[in-house]
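S.K.: I'd like to ask some things about the structure below.
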Amino acid sequence: MSNWSHKHILDLSSFSIEDYQTVVELANRFKTIPRSGSRKLPALQGRLIATLFFEPSTRTRSSFELAAKRLSADVQSFAPSNSSLIKGETPLDTVMTYVAMGAHVLVVRHGGTGVPEQLAKSLDQKKKNVSILNGGDGLHSHPSQGLLDLFTLTQFFNKESPSPRNIAGKRIAIVGDILHSRVARSNLWSLTACGANVVLCGPPSLLPDDFAKFVEAPPSGQKKDPIKNRGKVTISRCLKEALTDTDAVITLRLQKERMSENLLSNLDKYHNEYGITHESLKWCGKHVPVLHPGPVNRGIEMSSELLEDNSISLIENQVSNGIPIRMALLYLLSADKN
């Protein structure tokens, strides 16, 4: 906590290994609190957390709101359909309304890439002591999902002592619609920062050839990468090649709502070539976990049988881990605000 320096959490590109360690350790402390009584902590009593979701969400929004309530914060929820957006109000107008109401942290999800960052810059220019936490923006970033996936994997590899160090040297495959996935981008930052080597796998239409260079550029506004020994990123078009000797698999939803009709015409062919099943996991050569950020298209990204196999599928773990991870982020951003 003493070394935490982030006023906003917009993506994970500027996170140091110490930042990841801080978040994982704090989330683990929140997760291990005895599940008895009210299960609430007074840590953020008197703080106001507002969830401003300009784009639909079930898991992320519910998780953030439950996380805030478990820290005893007041929660205000924003729904575009019941707002003044239909009257011409801009996202900044909406944000400033909640700032005027005394909000300490604004969790913002928006379909436009870069909108949370623009809002954060506007608040800083106005010298407002209010934090923006990106709940997912366009194709850019979904930092809390990247962190909860990291936390879930650290638990799998060492349940007694979850730590980013647990994934150093591991080979992790990310399979599916990487082109349209803000989750993939956040996972690339977090996993490689902690020393994992990532292989990206998908058809050319969903995985550009130059995507492996994504983590090579310095983070926005910085001269150099804060990570000294970042893991490597490679691309494979062959699922068997990608899964061979892999230690964990993250499969991604086909975001059909973001695709043109001819981008991926045959879903059966996609499942046959890139779908994760019990049979395809044999290529890993060992027992490996499978993660998915949800919602899952059954029989496309992964088989229904695998989805329901809790000895392999960590999807339920991801959902439950989302709460302590988001508790940690809300605490780090708002605990020191007056």
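Every residue gets a Cβ built from N, Cα and C, even glycine.
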S.K.: Say Swiss-Prot lists Arg59, Thr60, His142, Gln145, Gly294, Pro295 as binding carbamoyl phosphate: which of Arg109, Arg230, Arg237 is in the same site, per that record?
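M.R.: It is Arg109, as the record lists it for that site.
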S.K.: Measure from the CA atom of Arg253 (L-aspartate binding site) to the CA atom of Pro295 (carbamoyl phosphate binding site) and give the result in Å, rounded to a whole number.
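M.R.: With distance taken Cα to Cα, Arg253 (L-aspartate binding site) is 7 Å from Pro295 (carbamoyl phosphate binding site).
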S.K.: Based on DSSP, name the secondary structure state of Arg109 (carbamoyl phosphate binding site): helix, strand or coil.
M.R.: strand
S.K.: Please report the number of other Cβ atoms within 10 Å of the Cβ of Arg253 (L-aspartate binding site).
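M.R.: Taking all protein chains shown, Arg253 (L-aspartate binding site) has 18 Cβ neighbours within 10 Å.
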S.K.: Taking Cα-Cα distance, which of the binding-site residues Thr60, Arg109, His142, Gln145, Gly294 are within 10 Å of Arg182 (L-aspartate binding site)?
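M.R.: The binding-site residues close to Arg182 (L-aspartate binding site) (Cα within 10 Å), listed in sequence order, are His142, Gln145.
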S.K.: Where Gln145 (carbamoyl phosphate binding site) and Arg253 (L-aspartate binding site) are concerned, what is their Cα separation in Å, rounded?
M.R.: 14
